[in-house]
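Undergrad: Per TrEMBL, disulfide bond is recorded for C381-C390. What TrEMBL records for 130-168, 352-391 is domain 'EGF-like'. Annotated domain 'Laminin G' per TrEMBL: 169-349, in sequence order. For 627-648, the entry in TrEMBL reads transmembrane segment.
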Amino acid sequence: MNRFCSKMSEYLGHEPNVQVFSIQPGEANLQASTLKVIDVRFTARGLSSYVTSSVLDGLIMQHRSELEDIIGAKIVSGGNDMCKFTKCDYGCHTVHNADESGYLVSANQTVILGINAWSNDSCKCPIFEPPPSCRAGICRNGGVCHNTYPTGFFCECRDNSLKGFRCQGTTRSFNGAGYAWFKPIPACTSLNITLQFMTSELNGLLLYNGPFGNNISASHLDYFDYLAIRLNGGKIEAEYAFNGINKNILQVPSTSELNDGKWHSVSFTQIGKKVELVLDNYGLDDVYPAPVNSSFRVFATTVDDDERLNMNTPLQYFNGCIRDLIVNGEKYDLGVPDLTDEENTSPGCSMNAAVCGIDNSYCRHGECVADASSSLPKCICDPGYSGVQCDLEVEWVEFGPGAFIEYDVAVFLQKIRSDIDVLVYPGQRGTGTLGYGKDTNKYVGTYLNNYSPGGVFDCGENSLNSSLNLQMDQLKMNNNYSYWVQFTRNPARATLTVDGTYYLSEQLDPVKRPFEIQIKELLLGARSSNGATDFQGCIGTFRWEHQNLPLLQNASLPQDTTQNSDIIYVQRSEGIVCSPPFICVDFWKGPFCTCPVNLMPVLGQDGTVLRCGEVVAYSKLGISNNAIIIIMVFLGLLLLMALLMIVYSRRQTPPFAPVRPVELNRDNIRPYDIEGGGEADNDQYDINGLRKPVMPLENGGLGGYPAKVCPTQRAAPDDNISAQIKNLEADPDATAPYDELHIYGDEGDDRSIVSLESLESAGYPAGKIDELNIGEWGEPFKELAKIYGKKE
């Protein structure tokens, strides 16, 4: 088992966790014999989810010979498909069961206790049936499920690029070397496969469902059923084998090659032994009665005795673009296959990226379906949006009693095909006509009958084959939610869908059934201008042949007029309160509470939101890894520049040398040994020399009258000296026995500092001191007069 698990991990890549959970003996009933086998069941979990059983079974059969050599045993089959040799005649699918009793296997020194599991066949076609409420996995790719009470559900897609109603990816491109595996086509006696493709190659495999390798040996014969839809020389053809005995090929002899870079649709239908291949839903030039085989349709009856496609093996390979793969009403998720070659295939269509923009950016709320050969984009809007780029929210219109809208049909509408889309609130009645087109006794339209949607047409031949009525009785609409009702018809098939999830279809016979209806009257809300079977409710969107028709009188549409009665234009109120951090979103289905775009919703077991979890990773914000690397590099450079500036500023010499506190002593007196040293003391200044008390204003200050201005008289030198002495005596600091010399206003050099060592700095010439009569200056200069007395 270890060697087997290791090899399976190698095939899967990404180092998945392969675990065997059940080993028990069993029997394999083959066509030629019954063999004793060992039933081994295992799982493989990848990085985020489990690998599907179809991928594991396909890998086993693809590498069967290599695995047999490694484990030293014969592999009878990959997967336990009970429908290979079933007796069911109307469809089959395998049901796997398990219980908690366990199963013990003892071999020599090895004892294994595994889960008791078994399988059986169920005689029922495994078609998708929408559940009555949310359940786990119903919304794909991280979508959030919301219940519509009392019954029903809808999906909130957190990724706008997922256009499926259950959050499926609708389009995928291949470069010629890639592949994508999906779950197998069900084994049913009735099979309907539709898809659209676009390519520039003459040859290529569009779809394959069948086995890998050859499982035929001498001991038993195995089924070799398969189905392949491909392009061969620019023509569409289907090759198939039911019961694996005879090969059948159907080719539509189209008049033009299909590698023209345009979207083409192909439909493969099998009911019992009758097989039909239709291209582009018939052309515009076909008339009734149609031939059995035409340039758009080919019909055949298989010679096999088994009407089921018994093999359940994966799909693989295609070169080009594929969109809207629908099998028995279920749309496959082309965005996230079960297994794919990521280097050679990717979601979306690369062939029209130049027109639609990268990641379908041109259509804001819709899907771009432009051809590669076209220079103009084309959008199919999501419900609730309109406009060329699907950027306009629809305005709801309420229809009262007798209200309707009639359109002037002055343009050509197709006679053999009809596409009717209506976004509708059922209202309190839940009954009435929606979109309706007619020509005398011929008509086609959609309606509601007791809250059940329906589609109807009548080609006016007064026979059972001329009319068809599809009513979805299993669906009962709620009057407090809106619904997207779509009805399509062509000569080969009529289909009714609701919300892209509920599906009802019926095959038509263009040879026996008429299909031409020339629309001359087009109405919304009634069957005639007298208001017959009128509708009372709200309508948000009305499309005919994918063209949005106006609901407002001031809307502009070429060659179109509007008539109405008792029509009210309304805006939907939110009517809902969400507790933080939940926010209210006005969705086309109705308002609901959900997490903001920057918070990841945490889902419960039924797929509904429980709470808002961690912040969404940066990739959800649209920032690539390369952008983050560039941002981090620039932030690192900015931080490095800041550090360099700090280091550089610290290494620079300041413009002024710092002064220590001890150097703030401003005394002017210095002990000089040489006479005249005072001239060198010119850099320091004593602030005390500026200190002076605030003197009171003379004459009372504010007397109310200005002081008398007298002519200025020059004061005598003795008066100046007396004034200086007076100021000095009034200085409170002068009374202290400070050992310093105050600066006086001496005549002469005002920059020199007067010191006891040199009075010549005052500007007096040597030998002239005695002429100043110092002895007459008064008592304060007595000592000075003794020193500088008159020379004898």
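Cβ atoms are placed via backbone N, Cα and C, with glycine included.
Remember, it's a predicted structure, so these values are computed and weren't measured experimentally.
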Undergrad: Should C390 (disulfide bond) be counted as helix, strand, or coil on the basis of DSSP?
TA: coil
Undergrad: Are there any residues in the same chain, six or more apart in sequence, whose C-beta is under 8 angstroms from the C-beta of C381 (disulfide bond), and if so which?
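TA: Listed in sequence order: C363, H365, G366, G387, C390, N548.
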Undergrad: Count the other Cβ atoms sitting within 10 Å of the Cβ of C390 (disulfide bond), across every protein chain shown.
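TA: That number is 20.
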Undergrad: When the domain 'EGF-like' (130-168) is classified with DSSP, how many of its residues are helical, how many are strand and how many are coil?
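TA: Its residues divide into 0 helix, 8 strand, 31 coil.
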Undergrad: Should C381 (disulfide bond) be counted as helix, strand, or coil on the basis of DSSP?
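TA: Reduced to three states, the DSSP call for C381 (disulfide bond) is strand.
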